[in-house]
Amino acid sequence: MGSGRVPGLCLLVLLVHARAAQYSKAAQDVDECVEGTDNCHIDAICQNTPRSYKCICKSGYTGDGKHCKDVDECEREDNAGCVHDCVNIPGNYRCTCYDGFHLAHDGHNCLDVDECAEGNGGCQQSCVNMMGSYECHCREGFFLSDNQHTCIQRPEEGMNCMNKNHGCAHICRETPKGGIACECRPGFELTKNQRDCKLTCNYGNGGCQHTCDDTEQGPRCGCHIKFVLHTDGKTCIETCAVNNGGCDSKCHDAATGVHCTCPVGFMLQPDRKTCKDIDECRLNNGGCDHICRNTVGSFECSCKKGYKLLINERNCQDIDECSFDRTCDHICVNTPGSFQCLCHRGYLLYGITHCGDVDECSINRGGCRFGCINTPGSYQCTCPAGQGRLHWNGKDCTEPLKCQGSPGASKAMLSCNRSGKKDTCALTCPSRARFLPESENGFTVSCGTPSPRAAPARAGHNGNSTNSNHCHEAAVLSIKQRASFKIKDAKCRLHLRNKGKTEEAGRITGPGGAPCSECQVTFIHLKCDSSRKGKGRRARTPPGKEVTRLTLELEAEVRAEETTASCGLPCLRQRMERRLKGSLKMLRKSINQDRFLLRLAGLDYELAHKPGLVAGERAEPMESCRPGQHRAGTKCVSCPQGTYYHGQTEQCVPCPAGTFQEREGQLSCDLCPGSDAHGPLGATNVTTCAGQCPPGQHSVDGFKPCQPCPRGTYQPEAGRTLCFPCGGGLTTKHEGAISFQDCDTKVQCSPGHYYNTSIHRCIRCAMGSYQPDFRQNFCSRCPGNTSTDFDGSTSVAQCKNRQCGGELGEFTGYIESPNYPGNYPAGVECIWNINPPPKRKILIVVPEIFLPSEDECGDVLVMRKNSSPSSITTYETCQTYERPIAFTARSRKLWINFKTSEANSARGFQIPYVTYDEDYEQLVEDIVRDGRLYASENHQEILKDKKLIKAFFEVLAHPQNYFKYTEKHKEMLPKSFIKLLRSKVSSFLRPYK
């Protein structure tokens, strides 16, 4: 992997021009070879050189080039390798064979011709092939005629040649005297008995394959150099010394000749010489789970993308990308062969793995009636002065109070009773209870609705709200009381009260003995905090004892309609303050007597726990989950939305009909507005409560009975008190419209545009926003800090993070294109710097890189010593490479620049690096330059796997710990990879072993 660019190209061009100027005369050099003005021999080659030429004799000739003489190869001791005759020709030679032989494929050996194979050798009856020749034979009762091919029937009588008993081995001649004389065929000699014939070397080379010598006993066969005589005394056997015996692979000399064998992964062919690769993938896919790739002499299993090969190098296992660091910003869901990133509520996915805050306010003000404030992961609607409070749906504003308070608001009940000398108090919270465990030693509980608070600058002298709700100021007085209590030898832990201790809390009795109907309070905030008593001389309790502090804040209201002629608002206020103080006094006693209860979802909870004080009390197991959580396997998990924690069963229970819970880990559910105990079980937010007006309808409070949105308006949400106008005088085709798309616009806007109701035209979405749908009146702002490359974007996928560059870590880190693994933005420039500690150098692995290859290098990644174009360049590319590469930096520090054009985009890169001790530079260089590191697909996958590359980096950064690492990672790395590293590390660290 690398660039086609040549570092220092400009320098090279300058050198070429300088040399051209210096040798301007040489630049006009004459090519004597082309013009024919050379004096080379006809059997020589002319080679032009600067300002001259040289002559070289052709192959097969010898001399100085100006005089060349043919080399007679046949004069060599081995006859040029020819086993029979060698014929010298100009510049070469050729081998020929005797009659009865033909030249072998190697051009040197001679093999017997089987004359009988073609036309029976011309024999009338039978043909017998012999080395270098053949003979015709006749059946019984016949003898061979003088032409040595036809057969003549023998007569029964007579002493002439026609008689079968004439005794001649070859030819019988009748003499003039009536006798017979025997003769031999050409190449044979008559023996002393004048009847038999003796073979000579003149016939069929004496039956010898190579050389033949005549002796008294007959021909004696011999073999050419590097051949041996067979046990038959005629045939010459090849040896492994000659052309490896003709074997493709291994050759073994045997009594019957050469014996060829093939290595593992190859099969010997029928010619007993050639080896052919076995395609293991043809049988059962080679045993591979996914992909089998045949290689020369072997095969290799590989896995589909998203899977990794196990150490048995056959089976594939899904890669759990979610186990890697930095895979997803929020939630990672592993899937077979892949993964999926999800974002928390209020965030949107971009760049495949990243989450950015959604600016809900950019989408028609988030649906708010008036103001909208974006917050991380959410947003908040606001009501301006004079428009009342925020509606329960969180978007509309209620009408200003008409001096009768807010009877529908959630109330908390604080009730106390006295039985003898014992005071028992209970805090009952029917709705809007919030439980928040702050730590192992504390929690907070809030109940009810706090009174609206004014901004500090506008607070009244008594601290009450002086906001725009003037009627609330006049009609309702908010009274606040705060108290702090201390419980010794107890620890903050909300736990269910034992049945034997339960006593019903009655109503508090006022100073005059009358029932206290004002024990309802609008809001209570309770905080429990446990800490250990510090050691000291003044400590009244033994060191290490638990001390629990309870902090209680109460809010109550006094209403104008409760005034009488004898007691106005100030009088009512004083009464309420006295009653609250009396309640707090009884509350303090009940706390000291361990008789203060928190009543949620029909269950009584104690706030602090004094272990071992009550006989028979069940000890809580140390491993139990805290309230608001349930056990899932070995972990404690918060109760999800739509459920609440039931203290008696210690389980998460779905919210009953008519209630909802949008928070996790709560002890009760909130009542739906106007609840009639109808609705789904397990409702997760107020919008799922029953009886709400559906989209396209509205009502005064958002509940039935509802009215359809008038023509010219629409409402996309449920439970709303109003409908939004189309704007610009536009109308709708029908009542009950649920979207701006139902408005009759003058033009139909396509994705990437929004309809401007002022000028009735389609406007392109500005940069940094997008619109995927038709006929909309808004563009959504890109999530988080992302933006688009151009205006008119149609998808959130076109939103990209442009942040990149910076100073990188001294030991390890990543060089990552902006928005990775999503496509990087156009027209961006990133600069990174790596400056290792002293005596450390940089190793970089490029697993893969994706840059557009058709834009003529508009997008470039370069790594060099510093920003100067003439500094030492380590790496430069403008192309896509999916094959990994590892290399060491050519300089001690690196300046890295990534620059993109305005037109193109691609996936980019995530390039890891590590710094290593320069004492191991030779070893690291040896490893990364070894082609075997990249030859196998499985080795390449190691350089792409985030976990395995980390293990590889550990070896390179600390080679002395190699053997410890291999034991740790041997279950992760292929054996071939470990073998490669082991040989190099061992030879470097233990050179003499």
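Cβ atoms are placed via backbone N, Cα and C, with glycine included.
According to Swiss-Prot, the features are:
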type     : residues      : note
DISULFID : Cys33-Cys46   : disulfide bond
DISULFID : Cys40-Cys55   : disulfide bond
DOMAIN   : 70-111        : domain 'EGF-like 2'
DISULFID : Cys74-Cys86   : disulfide bond
DISULFID : Cys82-Cys95   : disulfide bond
DISULFID : Cys97-Cys110  : disulfide bond
DISULFID : Cys116-Cys127 : disulfide bond
DOMAIN   : 199-237       : domain 'EGF-like 5'
DOMAIN   : 238-276       : domain 'EGF-like 6'
DISULFID : Cys281-Cys292 : disulfide bond
DOMAIN   : 318-356       : domain 'EGF-like 8'
DISULFID : Cys322-Cys332 : disulfide bond
DISULFID : Cys328-Cys341 : disulfide bond
DISULFID : Cys343-Cys355 : disulfide bond
DISULFID : Cys368-Cys381 : disulfide bond
CARBOHYD : Asn417        : N-linked glycosylation site
CARBOHYD : Asn464        : N-linked glycosylation site
CARBOHYD : Asn685        : N-linked glycosylation site
CARBOHYD : Asn756        : N-linked glycosylation site
CARBOHYD : Asn785        : N-linked glycosylation site
DISULFID : Cys804-Cys830 : disulfide bond
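Most buried of the glycosylation sites Asn417, Asn685, Asn756, Asn785, judged by other Cβ atoms within 10 Å, is Asn417.
Of all the disulfide-bonded residues in the record (Cys292, Cys343, Cys830), the one with the smallest CA separation from Cys55 (disulfide bond) is Cys292. For the domain 'EGF-like 6' (238-276), the DSSP counts in helix, strand and coil order read 4 helix, 16 strand, 19 coil. Remote same-chain partners of the domain 'EGF-like 5' (199-237), defined as residues 6 or more beyond its termini with a Cβ less than 8 Å from a stretch Cβ, comprise 78-79, 81-84, 98-101, 109-112, 130-134, 185-189, 255-258. When the Cα atoms are compared, Asn756 (N-linked glycosylation site) and Cys830 (disulfide bond) turn out to be 38 Å apart. Neighbour count (other Cβ atoms within 10 Å of the Cβ, all protein chains): 21 for Cys368 (disulfide bond). Cys46 (disulfide bond) sits 6 Å from Cys40 (disulfide bond), taking the C-alpha atoms as the reference points.
Cys110 (disulfide bond) and Cys82 (disulfide bond) are 8 Å apart (CA-CA, integer value). The separation of Cys127 (disulfide bond) from Cys343 (disulfide bond), Cα to Cα, is 92 Å.
Confidence across the domain 'EGF-like 8' (318-356), taken as the mean pLDDT and rounded to a whole number, stands at 93. Close to Cys95 (disulfide bond), meaning Cα to Cα within 10 A, are the following disulfide-bonded residues out of Cys33, Cys86, Cys110, Cys332: Cys86, Cys110. Taking H, G and I as helix, E and B as strand and the rest as coil, DSSP gives the domain 'EGF-like 5' (199-237) the counts 4 helix, 16 strand, 19 coil. With a cut-off of 8 Å between CB atoms and residues at least 6 apart in sequence, the same chain places Cys804, Gly805, Ser817, Pro818, Ile896, Asn897, Phe898, Lys899 near Cys830 (disulfide bond), listed in sequence order. Each residue contributes its Cα atom, and for Cys116 (disulfide bond) and Cys110 (disulfide bond) these two points are 18 Å apart. Under DSSP, residues within the domain 'EGF-like 8' (318-356) fall into helix, strand and coil as 3 helix, 18 strand, 18 coil.
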